[in-house]
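**Student:** What TrEMBL records for this protein is below:
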- A:106, A:109, A:147, A:150: Zn(2+) binding site (BINDING)
DNA sequence: TTTAGTACGTTATAATGTATCAATTGTGCT
DNA sequence: AGCACAATTGATACATTATAACGTACTAAA
């Protein structure tokens with residue numbers, strides 16, 4: 001993410017927080033910025049380390065968790081269940097728009113590609129889904145594999 | 001799972017282990033049996049507790065992890081990433097047959113419904129999937145939600 | 001100015017998972 | 001039977017991930 005988009009995204013993120021009647025504090029901004037400028041998901045502890053390295057200040061891991069759950073609650077951050085790590089999105093991304101997301105996670109370089117999936121696609125995908133009367137609340141799917149770049153390198 | 005199916009499944013499980021040149025030890029059998037006779041997923045620590053309760057013997061958590069990864073490697077057990085818990089299947093299940101599975105996990109009763117999904121269904125589901133050149137190694141998807149029974153109860 | 005809510009600090013603890021090395025068990029071989 | 005070997009397990013320590021509980025500071029509204 002380039003500098004201009006980053007600034008724009010951070011500004012929009014602030015708006016989002018204010019719309020929720022919440023604050024966009026320095027720590028929240030820093031954590032979000034770290035996630036936005038890193039191309040791999042980070043754990044809460046990795047975020048705390050990064051924070052120290054980048055800002056000459058520091059933040060407790062406890063606070064990182066609180067900040068992450070706040071950012072998740074306003075849809076600026078997602079947690080990857082298969083990695084126990086966190087990832088952020090621009091406010092123009094499908095993720096932010098609350099659509100269902102498909103995360104393609106590369107086992108080699110750890111990078112994550114994000115695709116949008118519609119409700120109807122999910123229904124198509126799982127033909128027997130409706131039969132069992134299950135009401136889904138899932139907003140994301142995760143797939144592990146190898147990205148195109150790493151495939152090329154490995155070939 | 002009734003007693004007869006349980007016995008049959010455990011016998012087949014033994015065959016599976018032998019075919020892999022591995023043993024079906026007492027501990028592995030007990031752990032598998034606990035998982036097969038429980039209708040909710042269990043964590044490694046819960047399994048160690050159950051083991052103690054059921055067998056008057058005990059097993060270290062370390063061993064439980066080893067046993068679980070062994071059972072996973074021969075496709076008798078699956079780990080649910082969204083819960084950090086484990087679940088077992090009969091050797092007649094789609095899971096065991098190494099198809100792609102969709103796990104529907106109920107937030108209220110914790111029960112898991114398992115559906116089989118074909119590769120082509122996955123391809124249909126994610127239309128842009130091929131575009132990015134990602135090679136998937138994923139054999140399962142997980143959805144959180146509310147099962148039909150719990151919906152009825154809550155209504 | 002009191003009060004309520006939000007945010008963060010601090011400490012402790014729970015829950016989950018891995019590394020390492022020694023001891024044991026079982027199996028095949030002689 | 002006795003031995004060698006690999007697989008399995010025990011035991012301990014440690015690492016990682018996450019939540020609980022409680023206190024303090026700040027802000028904004030009543």
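The backbone N, Cα and C atoms fix where each Cβ goes, and this holds for glycine too.
TrEMBL entries are annotated by machine, without manual review.
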**Student:** Sequence gap of 6 or more, C-beta under 8 Å: which same-chain residues meet both conditions with respect to residue A:106 (Zn(2+) binding site)?
**Tutor:** A:112, A:113, A:145, A:146, A:147, A:149, A:150
**Student:** Near the Cβ of residue A:150 (Zn(2+) binding site), how many other Cβ atoms are there if near means within 10 Å?
**Tutor:** 18
**Student:** In the structure shown, with every protein chain counted, which of the binding-site residues A:109, A:147 has the densest set of Cβ atoms within 10 angstroms of its Cβ?
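**Tutor:** When each Cβ's neighbours within 10 Å are tallied, A:147 tops the list.
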**Student:** When each of the binding-site residues A:109, A:147, A:150 is checked against chain B, which show a C-beta distance below 8 angstroms?
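**Tutor:** Cβ contacts with B, in sequence order: A:147.
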**Student:** Apart from A:106, A:109, A:147, A:150, which residues in this chain have a Cβ no more than 8 Å from the mean position of the Cβ atoms of those residues at the Zn(2+) site?
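**Tutor:** Surrounding the site, in chain order, are A:107, A:108, A:110, A:111, A:146, A:148, A:149, A:151.
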**Student:** For residue A:150 (Zn(2+) binding site), which DSSP three-state class applies?
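**Tutor:** Helix, per DSSP.
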